[in-house]
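Chemist: Quick paste from TrEMBL:
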type     : residues : note
DOMAIN   : 1-461    : domain 'Major facilitator superfamily (MFS) profile'
TRANSMEM : 28-47    : transmembrane segment
TRANSMEM : 54-73    : transmembrane segment
TRANSMEM : 85-104   : transmembrane segment
TRANSMEM : 116-137  : transmembrane segment
TRANSMEM : 157-176  : transmembrane segment
TRANSMEM : 183-205  : transmembrane segment
TRANSMEM : 225-253  : transmembrane segment
TRANSMEM : 265-283  : transmembrane segment
TRANSMEM : 289-311  : transmembrane segment
TRANSMEM : 323-342  : transmembrane segment
TRANSMEM : 354-374  : transmembrane segment
TRANSMEM : 438-456  : transmembrane segment
Amino acid sequence: MPASYLIGYVALILPAFRISEMTGRLATFLFGLIVFVIFTGVAGNAATAYKFSVLRALQGAGAGFLASTILLVVSTNTSDRSRSLFVAGLCAAQLFGVGAAHTIGGKLAIDGHFRWGVYLVAPLMVAPVILCLPALLADKKPVRTESIFTRVVRFDYIGAIILIGTVITLTTGLVFGGNEHKWSSATVICLIVFGVVGIVLFLAWERLGASRPLFNTQWLHERNLQISVISTLFMSMVFFAHSVFIPILYITVRSELTDSAGRRTAPYWATSMGAALLAGLAVRYRPALARPLVWVGLAISIVFSGLYYTIEVKPTSLAKEQAFYALAGLGLGLAYPAVTYLSQVSVPLEEVGAASVVGHFLSIVGGMLGLILYQACLKSRLIINLDAIFKSNSFLASFDVRTMDIAGLEMSGPTILTYVPDLSDTIGQKMVDSLHTTYILTVPFLAVSLLATLFYKHRHTSSTI
């Protein structure tokens, strides 16, 4: 179900950017707002899982229009220096949204008000309306050299269709893999192959066929932008996955409620948000600090994320875990907005808006890939560690480890440990061992980000970045 929202969101971010050039940013923003609010209300009242998934995809489409317009407003109405503060604020808001899932959503679900987890986001739209509407109303209308008919005709419909189809097939294939179907099944293989082919077709069309491409492939020749894209992709794999796979430890092995598990990881999100704002402030006054902040932040996050491997089933003190989370979050918070900022100052001023939209698009794509890769790793380790134990016990045999997804693990983990007390210690240790393998993925992902950013090119400009 979360995947359906992301499909709508990711598939429409880039088309929404080009649509805003045809209709104007204000019209695009208002359209996205109306679609988002309407389908938020309808999805929250859906009677079946199928309807809920479809409506959530439409809700995500509205969010894609909103996000695209907001990013354009921020990037094109600020100077290189002042933009760092706004970029940091957006990064902090993104980190808060990712980290709040288990804490806020978990509390609502426990209290039997899970639908309010859907409804709640509608009134939150008041904030972007208040912040962005004045800038949208004051936005200078571009001088049109073409009629609206010409702009509509020349819109990149083929690119949009390829992109939407690619997002749907690739996401569906990766979500189905290991859950509804085996990774080796024809269904999963075909969906993933179609998705990969779709990526190649999309890039080829945007480079060779589109007169007004959704994605300007010429940006890929700018080294600093290439590096920022790679780094953003891998960093977002990590912080999206942390929002799910860290709380699982507390829910399954330590039998805590969902909201309580979310609060255990609050130090990670608190320090990451605070560090993001601090990084934005530092770059505002010393733009040359952007690259060092990336390097220092990623190095800190690599070290303390790697120490997650030492987390035990029954810790002698929670303070150590909380310190690891806080310091890993601190490092990521320093690096993420600095990388985002560097990507935007790497392109000409007239392309800054497009670069910001593409950067955000890739951060969400990275988050989706991270969630899927972490889940695949965890599931494979659970099968190796628990399948034989479950099959040897009459009660546990009713749980099929091979088809158990993350939601199933969260729901059944505490029950399993409660009803088989003689095996609870063994199963708990096996679960933690499986999670350790998952957590250690963070280290190579962040290491790739760090290694890539070491090749940032120094820009001799007025801001001395």
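Glycine too: its Cβ is placed from the backbone N, Cα and C atoms.
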Chemist: Quick one: mean pLDDT on the domain 'Major facilitator superfamily (MFS) profile' (1-461)?
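Modeler: Here the mean pLDDT over the domain 'Major facilitator superfamily (MFS) profile' (1-461) amounts to 82.
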Chemist: Are there three or more C-beta pairs under 8 angstroms joining the transmembrane segment (54-73) and the transmembrane segment (354-374), sequence spacing 6 or more?
Modeler: yes
Chemist: Would you call the transmembrane segment (225-253) and the transmembrane segment (183-205) in contact, using three or more Cβ pairs under 8 Å, pairs 6 or more apart in sequence?
Modeler: no
Chemist: Does the chain bring the transmembrane segment (54-73) near the transmembrane segment (183-205), so that three or more CB pairs sit under 8 Å (pairs 6 or more apart in sequence)?
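Modeler: These two stretches do not touch.
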Chemist: May I ask whether the transmembrane segment (289-311) has at least three C-beta pairs under 8 Å with the transmembrane segment (438-456), counting pairs 6 or more apart in sequence?
Modeler: yes
Chemist: Any contact between the transmembrane segment (323-342) and the transmembrane segment (85-104), i.e. 3 or more CB pairs below 8 Å with pairs at least 6 residues apart?
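Modeler: With 3 or more qualifying Cβ pairs, these stretches touch.
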Chemist: Quick one: find which recorded stretch in 28-47, 85-104, 183-205, 289-311 has the most Cβ pairs under 8 Å with the transmembrane segment (265-283).
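Modeler: The stretch I would name here is 85-104.
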Chemist: Which bits of the chain, at least 6 residues beyond where the transmembrane segment (28-47) starts or stops, bring a Cβ under 8 A of a Cβ in it?
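Modeler: Counting only partners 6 or more residues beyond its ends, the transmembrane segment (28-47) has Cβ contacts under 8 Å with 16, 19-20, 55-56, 58-59, 61-66, 68-70, 115-116, 118-119, 121-122, 125, 129, 132-133, 136.
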